[in-house]
Amino acid sequence: MSEFTKNTAALNNLIQDTEALEECAATPSTMTNSKLSSKFVVQTEKSRDELQKKVDGYKKRILEKDPVTGNSRYGDNMKKKVKKLLDDFDMVSGKLDGLISGGLLEAFQKVEEEERLAEEARVAAEAEAEKERLEAKRKAEEEERLSSMTEAQRQKEKEDEEREKLRVAAEAARQVRLQQEEEEPWVASIEVSTASFLAQLSKLPPTVKPILLQLYSQIKSHPDNENFRRIKIDNEKFANDFGQHEGGKELFLAAGWKLQTIDEPAAKILALVEPNLEADMDGWMAWFDRIKEIVELLAV
């Protein structure tokens, strides 16, 4: 397959993708059930930018003349094909620019955020309902059991339960403390800088980049929302996307995230701590500038 044929195929794909985005933009209500996404918008723009380099080459060559014969570099038939490719590219590129400047990416991100929040609410509601069901069952079983016990037995069991709770809590706190002591030298060894962030990113598979871009885009849009800036280390999705890979945790530390411990239950989290805007305006601006810089780096 010739280079021109490949570029023509790439242009046809770009046209199809842009038309699909146009349909979504024309009927925003379909975004919820659409197979398209903010990631698709970013990928389409990236494909356009890659094809732009090829198109620029054709634009240059179509004007060139053979130094000996003075004829065009292209024959008449090829020249028509190249001109059509250039015209089609300019047309679809203009449409794509219009969609992006019209807020299509942000619209997809808003829909995805609403879907994420709705899913979280659904899961939380199911978990709460299950918790209530289990609690009701436990109380019924407990009442039945207590009805057959003497007061002395009940008192002893209550004391044993309290001691066990204290023991479990103390052991959990001890394990977290030991882990923190082991991790302190490792955490201190990670430099917080753009170069360090890019070095860690280079160790990870390409699939993490759009995931990280979505997270940082959410933080950039909602810097005051702490939920976007706190990640449990033992979270299954985090482990699959980042934690299982070399450089996965280091990537966040290099971007300024802190390793912290929370209680009830004891757990380790990564937190992007927001400076106090009123007390430290310069510090907050530097913090937010780093977020914007990372979004720009990931969007390339």
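Including glycine, each Cβ sits where the backbone N, Cα and C put it.
Taken from TrEMBL, the feature compositional bias 'Basic and acidic residues' covers 134-146 (among others). Sorting each residue of the compositional bias 'Basic and acidic residues' (134-146) by its DSSP state yields 13 helix, 0 strand, 0 coil.
Per TrEMBL, the feature region 'Disordered' maps to 134-164.
Residues or ranges marked as compositional bias 'Basic and acidic residues' in TrEMBL: 153-164 (among others).
Residues or ranges marked as domain 'PUB' in TrEMBL: 211-264. As a whole-number mean, the pLDDT of the domain 'PUB' (211-264) in this prediction is 89.
Under DSSP, the residues of the compositional bias 'Basic and acidic residues' (153-164) split into helix, strand and coil as follows: 12 helix, 0 strand, 0 coil.
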